[in-house]
């Protein structure tokens, strides 16, 4: 059985990589020159290729991790195979780096699914391979495999850090977290998430011990009434103010603490989290970003979240707790009213899907953003319901990281949702085989439509001769 699973995994990974290579060739034939943000990334990487490490494009807002890794991979390959001239660090060669990251992400996703769900003996090896295949082809991530963007590398190092954290290799995890930070500064949040995993595990152990002492079987660390939540909150405060517990947690998480300290030093010296062009990347309290993320998650996880059973459970919960839901609705309406921001890029750039989402939905009427509150409430409830298998401490830690990585972003950009979505999807219980197949089929269709639009439905702006393409 294990040999069959190994063969199945090898076939799935090899087949996916072969398909990606064919698609990679099609994309490079259709779009030979840099496109969109590649116009900044490619020349910067080529400057590094020529040894000009002090040259920097002020329009680039991320650290040079992608360019350093690219040069570190391309230069030895060029020496080994005797490549010279324009082929070294060409657009296609640089894009191929992300194809390699994509293969690495496939393997890491499988290892993470295996580790997170290792206690669930009911999950077959075939189901794990199928879920890996779905996540590796997650449309928003998969598309950027074929362009020279930071996303595949950012995901690779963050997932690798998470895997090492789960195996208890915290020094290695923090080092990989630093690599992820070098690709995108907001990845520091997922370093904190890794440290939070360690803290949540210790809190859960202590909470179970507390329950055993009191022999109170009615209180659960996973779910419960409002009074149970207050008890857990009191326990959390008492645990964290204990010097002994703080010393223990510090001893376990010190590699992450060192990295987070380095991050704050960087922010202080740099004068902010963004390098380069800061005018278009200002931090703000954009709370509706959380609602957009929940809607995004329901859309891409509809086989698991948008089911008749879940809708009935939600309506039943709504009927049982009308006061609580009314309060949540009022808070949501207030946050939308006071904290909705519309970035100039969202309104101006008609190459991105978000432009059409905003124009076709949110700009139809001023009240649309408020009318969608029931949808957000269902999305939030369904999202939380699928994480009931995790401890309350893990869920709290994940939610804090989710807020930290989404809310400060002024621009509605689906790429910012990739990592929080993947970590969520990795940690929910395994769905039925039918729902997994439906998810995979849906991702394949979305990818097919996206690449068809990108390659075949080109257009031009009135004041420009350049070919424009639709993309995420």
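The first residue you see is number 1, and the count goes up from there.
A Cβ is built for glycine as well, from the same backbone N, Cα and C atoms used for every other residue.
Listed ranges 287-305, 306-324, 420-438; the one TrEMBL annotates as transmembrane segment is 287-305. According to TrEMBL, the feature transmembrane segment maps to residues 254-275, out of the candidate ranges 232-253, 254-275. TrEMBL assigns the feature transmembrane segment to residues 96-117, out of the candidate ranges 30-51, 96-117. Here the transmembrane segment (65-84) has long-range neighbours at 41, 44-45, 48-49, 93-94, 97, 100, 148, 150, 153, 157, 179-183, meaning same-chain residues at least 6 beyond its ends whose C-beta is under 8 angstroms from one of its own. Same-chain residues lying 6 or more positions outside the transmembrane segment (254-275) and placing a CB less than 8 Å from one of its CB atoms are 60-63, 170-171, 173-175, 177-178, 181, 185-186, 188, 191-192, 194-195, 281, 283.
Under the criterion of 3 or more C-beta pairs below 8 Å, with sequence separation of 6 or more, the transmembrane segment (367-384) and the transmembrane segment (129-149) do not qualify as touching, having fewer than 3 such pairs. Distant neighbours of the transmembrane segment (129-149): 5, 8-9, 12, 16, 20, 23-24, 27-28, 34-38, 41-42, 45, 66, 91, 94-95, 97-99, 101-102, 105-106, 109-110, 113, 155, 300, 414-415, 417-418, 421-422, 425-426, 430, 433, 436-437, 439-440, 443-444, 446-447, 450-451, 454, 471-472; these residues of the same chain sit at least 6 beyond its ends, with a Cβ under 8 Å from one of its Cβ atoms. For the transmembrane segment (440-459), the partner stretch with the highest count of Cβ pairs under 8 angstroms, out of 6-27, 155-183, 325-346, is 6-27.
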